[in-house]
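Annotation source Swiss-Prot lists region 'Disordered' at 1-68. Residues or ranges marked as compositional bias 'Low complexity' in Swiss-Prot: 1-20. Annotation source Swiss-Prot lists compositional bias 'Polar residues' at 21-44.
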């Protein structure tokens, strides 16, 4: 009878840990996916800002080149 109780407790503990590991893995994957999306959006915005900055600098340099 004691062996049966120990087996039952062990099985219950294993199921609890398995469930916790599954939830942890899912949460981790979701967080990584969210970070990947955010990193991509930031990269796109950085590229747009760089292009805008280059355009402004080009216009500024062209204006400086005009001599009266």
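Including glycine, each Cβ sits where the backbone N, Cα and C put it.
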| field | Helix, strand and coil totals (DSSP H, G, I; E, B; other) for the compositional bias 'Low complexity' (1-20) | value | 19 helix, 0 strand, 1 coil
| field | Secondary structure content, the compositional bias 'Polar residues' (21-44) (per DSSP, counts of residues) | value | 24 helix, 0 strand, 0 coil
